[in-house]
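Engineer: Have a look at the structure that comes next, please.
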Amino acid sequence: MAMQIRPSLGGCLRHGGAGDHAARRLSRLRAAKVFVPTAVVCVLLCCAPWVMAEITNDAEREPVYILNAMYSTEAYTNEDAKALWTGMDMAFYNSHYKAAGGRPIKILHPDPDQDNLYDIAEVILHSLARQEKLLAVLGPYLDGRLTAALSNADVVQSGLMLIAPFTGSSGVRTWSDSVYFTRAEPMVELKVVLMHIVNRLRARRVAFMRLTGMHFGGEELTYVQDTLTSLLRDPAVLYTVPYSESSVEVDEEAFDAMADTNPQVIIVWAAPVQQVIYFLEKVLTDPRTSSAYVISCSMIQRVVFDVYKRLLSAGSIKPQDGRILASATTSPVSGEGLKYMEVLKAQMSNYIENSGSFDYYPDDDSTETLGRKARSEAPLSRKYTVDEFFQAHPSIAKLMALGWLSGTLVQQTLEQTDWIVNRSTYKAGLFNQNRFVIGGDYVLGDYGGPCEPLAQFLGASCYCNQGGHSSILTVLQNASWDIVPDSSFKYPQSECNSSKSQIVKAVSVLALLNQGYPKLIDAGMQLNEVLPHAFDDNLCKGYKVSSIFLRVETAKAQQLFDAEVSNYSVDIIAGPIFQALDVGEIFVLNPLYNHPQLRTEKRNYVYLMPTLEQQIYVMYSKIDALRTRTDVFEDTAVVLRGYSAQEVVEISEILFKTAGTFNLPDPSVATISFTDSLRGLLSPRAINVVIGMKDGDSAHFANFLAKYTDVMVVVCFDELTMYYEELRATFSVQPTSVQARLMSFSSLPLWTDASAEAKARWPILGHFHKIFPDPINHTPSLLRDVIIAGFIQELVSTTTVAETKLLTNAVYINGGVTTYGFTLGNFEWGCTATTSGDSCVYKNYGASNIEILSIQRMLDPTVPQLSSPSTPTMEYRPRQRSHALTPAQRNGLIAGCVVGAVVLIATCTLLLYCCMDNRNNDAAPKDGDEPVTLLFTDIESSTALWAALPQLMSDAIAAHHRVIRQLVKKYGCYEVKTIGDSFMIACRSAHSAVSLACEIQTKLLKHDWGTEALDRAYREFELARVDTLDDYEPPTARLSEEEYAALWCGLRVRVGIHTGLTDIRYDEVTKGYDYYGDTSNMAARTEAVANGGQVVATEAAWWALSNDERAGIAHTAMGPQGLRGVPFAVEMFQLNAVPGRRHAALRTEIEAILPDDTATDTASSAAGALLSSVETMSDPAAGIAFVLASCFAPYPVAQRVRELQPLLSKWGVGAPPRSRLVSEEDYCQGLMNRLAIRIATVSQARLRLTREDAADGKFKLASSEALNPLAREGDSAAGGVRPRLPGSPVTSLPAGGSSSMREWRVFTRLMNDTQHPSVTHLSQQRPSNLTSFTEAQDAAFPLNAHCGPESRVENSGADDEEIVIVRVSRNPHYARHAFE
C-alpha cells in the first residue's frame, strides 16, 4: 500500500479516503505483534455467532479501488491536471470517501518509481496488477493518453472503465464501452463559437490556428470551412504548423500569411502546449492581429488567461476586455442563480477549511503562471475563502468545477450497491439508460449501451457514452470570465451527439440611423427592437434575425456604410436609408427616407408599403370619394417641403401625369425649404396635399381644418407613421368634422381595430395585438415593422441560404409573399418573350388594397370606410381632349385665337424691328486678321447652389452679372453672349482681357453679398468631396475664419483666357458678333479645367502680353496641361488675382465634361451648353451624333449602352466606367458624342488623304525622327507623355525652352511645303496604365487603307480622348497640317 502516500505529479500529496486510514492501520498492526497470542485466546473464548457476524461485516466493507490517471507529464499542463484532480477529490471528500454500503473509496495513484508515466497503458496495467479489484480509472488527461489506453487490447479486455477523461478533440469522441465522457463533445463548443462569429460578430475575415500531428483540430477545421462555405462566406485563413516539442517558436512565414489578411477573429483550437503560448503572445502583440477577437476552446482557457494577464502586467498590451473569449461546458464560477454552483461553493469551502489538501494560499503569486502554485514549505496561517479564490484564479477555479462535476457523477455511480460488485456489473450499470442530475440543475446523460432497434425507436439511448448536451461562450472582462448573453448551443437530449443539430444562423438586418433626422432614428430603433420579438424562429428553418443599427451622419454616410459592409456581413437593409447612398447589390427592404421619395427603380430595392406614386394614383382615382365629404373643388394644391430642384421636377411630373390620366386639372405645386412654415400655403378651396411634414404641422392642420370647413388635408403614409403620435394627440381632442378631413393612405389592416371580426379576417392583426396588447402601441409604424419581420421570416424559409443576393432573387422567384394571411406582391422584374416581342415588367413594389382613410377612422374603427380599397394599375394615359364645347363655341374660340395671334405677331415684329439694332457693337473686335483674346467665365457649383439656396441665388446672380458687365464696359471689351450664368467676352488686347479677369475676382471678393450662406455652401461641397474622392484636400473648407474672409467671399467664378485668330461673323438674328474656330474652343476648354476663383490663361494669351505687362502681373507657371479635344499639351499660366488663394489641382479631362457639382449629385447644364455653343463638336460630328441618338432612341437607356459597345470597340473608342454621380442618360449621350467625334475625325482624314493622294500620286512614309506634339522640347520619344494627375505638382518649361504649342505653330507654317503626313494614332488609356511611350509603340496598326506600308499607329497616354495627330519630320519638305 506504499503507493497511496507518494506525492502526486501535480504537486499535491497522495491522499484519498481509505488510503490514509490504511496507512494508520498498518502501523497499528506492527505495534500489535506481541498481542497476537492474546488475541487468539480471545477469539476462542468468544461465541461462534459473534465471530461469523464480524467476518461478514468486514467482507461488506471491502474498499472500492479507483485509479487516478488525471496527471500530466508536462510542466506547462501540471496546473490544469492538478486543478481537475482537486475538483474530483473535493467531491469524494465531501462524501467522506464512502461508497454504497459504507464501503471506503480508496484512490490509487501511479508510482513514478515503478511506472512509466509517459505510457498510460503501462500505468493502468501495473496498477491492475498491484490491485486486482481495481474498479475504474479517473481520466486520463489529454487526448493522446486516452487514445493510447483504448488502443491497448489488455486495457480494453480488463473491463476497466475510463471515466471522465479530459479531452479536447472530436477525434477521440467515438463509441466504446470502455470510456465514459462527462463533458459535452468539443464539436458542441465549436458550434457555439461559430454561432457567435456568424451571428453576433458577423465577421468576414476569420483565421483558424491548429497544430498538425495531434489528435486535435482536424475535424473542427473541416467543420468550420464547410460551414462558412455553406453560408457563402470566405473560408477561414489558416495558421497550421506541425506539432513539435522542441521547435516551439512561431513560424513567421505562416503567421505573416495569416496576419496580412487582417483577421477579425482568430480561433485557437489546439492542446495546451508551448507552441500555443508563443502563438498567443504573437497574436496579442502584433499590430495586425492585436485588435482581433481571440476565441479558444475550454481546454486552453487557462493558458489564454495566463498569457493575457502576463502580457498585461508587463505593459506589453493594453486591456482588451470583451475581445478574448472561450467556449465552455459549464458556467463560470462567478455565475449566479445556479443551484449546482451553490453546492460547489459549499463543498469547496468545506474542502478548503478541513481537508488539509487544498494547497493554494493568498500569499502565493496571484498571477496564474504555469507551475508556480506548489504549497510553500513553511506552514501558512491564512487560507482562501471560496469567493477570494474564484476572484484570484478564475480559470483554475473553473477547471476545479469541471473536475467536481465529474467527481460528483462518479460518486453517484459508486453509491449504487449492485453496480460496484465488480468491473462487469459496474460497466453494465453505467450504460443502463442513466441520466445524472448534479446539484439540482446540472444534467449529464442519457448514457446507454448496445440495444435493440425497437428499443431505440421507442426512445432508448443506444451506444452513447457521453452526456453533455450544451455549451456556452464566456468572455474575459476585468480579469474574470463572464457568460456572453444569448450564446448557448444545445441539442436534444435524445441525441447522443450534435452531428444532426446545426447552428442557428441569423439574418443580419441593418438599420441606418441618420443623426440629422430624429424621426428616422426613432423609426430605426423601433424596427431594431421589434424584429427579434416578431420573428418566429420555429417557422424559419433554423434561422433567427439579428437586428443591428449603424449611426451615421450625412457627410460620412457612404464611407461608414462601405466600411460596415466590407468588414461585416449585411443581408438586408431595412427601414431608414439615405437616398444618395450607394448600397451596391445589398437587399434593401421597404426603404424609409426623411421625407417621401419616388420609388427607386432598382431590382434590389423592394417596397412593402404604398409608394408615393401609388398614393398619388389612388388619390386621383378616388377624388370623387374625397369630394363627397366636402364641397371642395377637384383642384389639388401640393406643397413640397425640403426637396431639391430636381426632386421637385420629378415629383411634379408624376403629379401632372397622374392628373392627366384621370382628366383632372393639373395641381398647383408650391416648394418651400424644410424649415419654412405652411402658413399661407394651404388653399381654402382645394384638396391640400402636404409632402414633407415636420414637427408642429399637426396643430397647423387642425387649426386650418377648423377654420375652413370645405377643405381637406392629405398626408403620405410614411409621414403618417413617423408623426402618428403627434397627429393622434392633436386630433383626438378635435371634433369629428375636423378629424374626418385629415386623410392618408394605408394598405394595412386598421391597426386600432381589436374586434374579433377584424382578427378573423386579418390573422396578422391578431398576431400584432398579441405581441403588443397595450392599445397605446397600436400604431401603423409598429404594425408595419411586424409585417416586415413576417416578410423576412417567410422569405428566408424559401431560400437555401439567407444571403443578400439570394434573398433578392427569392422575392421575384416567389412573386408574392404571405405572412399571417397578409399578402405582399406580386413582385416581378424582367422581360418575357411574346409573339409581339419582349414584354418587360419592372415592379419592385407589393402594396395592394390601398385605402384612403381619415384620422377619424384611425381613432374610431367603427367609422365606415371612405371608399373601398383599390390596387392601382399604375397605367398612365395622355389627357383626353374635352368635347364639352359646341361647334359654334369652338369656331368662335378658334377665330378669336387666330385674330389675337395675328395682332400679337404684328406687335412683336414691330418691337423687334425697332429694338433689335439697339445693341452696341462698337467694342466688338471685327478684324479677322487680328488676334482676338476670348475670355470665358462660369460660376462654380451653380446648380448645387440653386438647389440649396434658391431664395438667395436670384439676387446673387443679378449681382454677378452687374459686376461683370460694369467691368466689361470699363475695359472696352465686348459681351458676346451669356448662357445661364456663363459669359463669353471678346477683347481686342490681351492686356485688357487679363486685367478684366483679375478685377472680376477682386470685385466679387469685395462685394457685399449680404449673407454667409454661399460660403457655408461651398465649404459643405468641399467636405462632401472629401468623403467621395481619395486624396482630395479641400482648399478652403478648413481655413480659419480670418484667412477665409481675406481670400474668399460669395460666388466663385472661374475664368479661362486664350488669344488667337478667329472666324468673326455677324449674326442677323441677334444683331451681334460671334467668334468661331479653334480659339473659341481653346478658351472654353481652358475655363472648363479651372477651379472657382481661379484665372487660367494659355501660353498664347500670356505671350501676347508685352514684357512690361507680364512683369506687372503676379502669376504661376502651371506647365503643359492636356485639354479635351486638343492633340497636344498646352502651357498654362495661373494669374494670381487674389494673392494667397490656394486652388485644387486643375480639373481632369473627364471632370471638365462631367457635371461641375459632382459632390452634391447635381448637374450643371450651363457649362455644357456654353461648350456646345463654341463648337465643342464639329458640324459633321454633331450631325453624326444626332443620327446615332435618333437610331437608338427606341431602346431603354441601359440597352442603348449595351448596343453601343460593339460600335465603340470597332472604332477604338474607350468607354470609361460610369460614375454613380452621372445619370445613365448623360453617360449614354456622352458615349454617342465620343463615337460621333471619332467617326467624323476618321472620315475627314480619309477624305483629305484621298484627295491629296489623287493629286500627288504617292504617300510619304513617316519619319522616325518626327516631333511629338505632346512632348516638350528635348523629350525623347521613349520618354512618352505622362499626363498630370490631379494633385500632382506642376512645373513650367525650362527657361528658353519652346513648348509643344510653339512647335505646333512652327509646324503649321510649313504646310505649303508638305506632301504627305506621318499619321500617329493616340488611343485612350487610363493614366495608371501608362508605362512609357516605347511600350505604346508596340501596339501599332494602320489608320486606314491609304497608309503606306511603313506608316504606323502608336498608343499614347491621353487620359480621356483618342486623338489623331500628324508627326512632322525634321525635313521641312515633309511637314504638313495636323488633323483631328
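Cβ from N, Cα, C; glycine included.
So Swiss-Prot lists the following for this protein:
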- 933-1087: domain 'Guanylate cyclase' (DOMAIN)
- ASN422: N-linked glycosylation site (CARBOHYD)
- ASN478: N-linked glycosylation site (CARBOHYD)
- ASN497: N-linked glycosylation site (CARBOHYD)
- ASN567: N-linked glycosylation site (CARBOHYD)
- 1270-1298: region 'Disordered' (REGION)
- 1-34: topological domain 'Cytoplasmic' (TOPO_DOM)
- 913-1380: topological domain 'Cytoplasmic' (TOPO_DOM)
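Are these features on the surface or tucked inside, and what touches them?
Structural biologist: According to its DSSP assignment, ASN422 (N-linked glycosylation site) is coil.
Under the three-state DSSP scheme, ASN478 (N-linked glycosylation site) falls in the coil class.
Residues within less than 8 Å, Cβ to Cβ, of ASN497 (N-linked glycosylation site) and separated from it by at least 6 positions along the same chain comprise ARG173, GLU185, MET187, GLN466, TYR491.
In the three-state DSSP scheme, ASN567 (N-linked glycosylation site) falls into the helix class. With a cut-off of 8 Å between CB atoms and residues at least 6 apart in sequence, the same chain places ALA203, ARG204, ARG205, GLN264 near ASN567 (N-linked glycosylation site), listed in sequence order.
The average per-residue pLDDT of the prediction over the topological domain 'Cytoplasmic' (913-1380) is 70, rounded to a whole number.
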Engineer: Cβ-Cβ under 8 Å from ASN478 (N-linked glycosylation site), same chain, 6 or more residues apart: which ones?
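Structural biologist: Those within reach of ASN478 (N-linked glycosylation site), by Cβ under 8 Å and sequence separation of 6 or more, are ASP321.
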Engineer: For ASN422 (N-linked glycosylation site), list the number of other Cβ atoms lying within 10 Å of its Cβ atom.
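Structural biologist: Other Cβ atoms found within 10 Å: 11.
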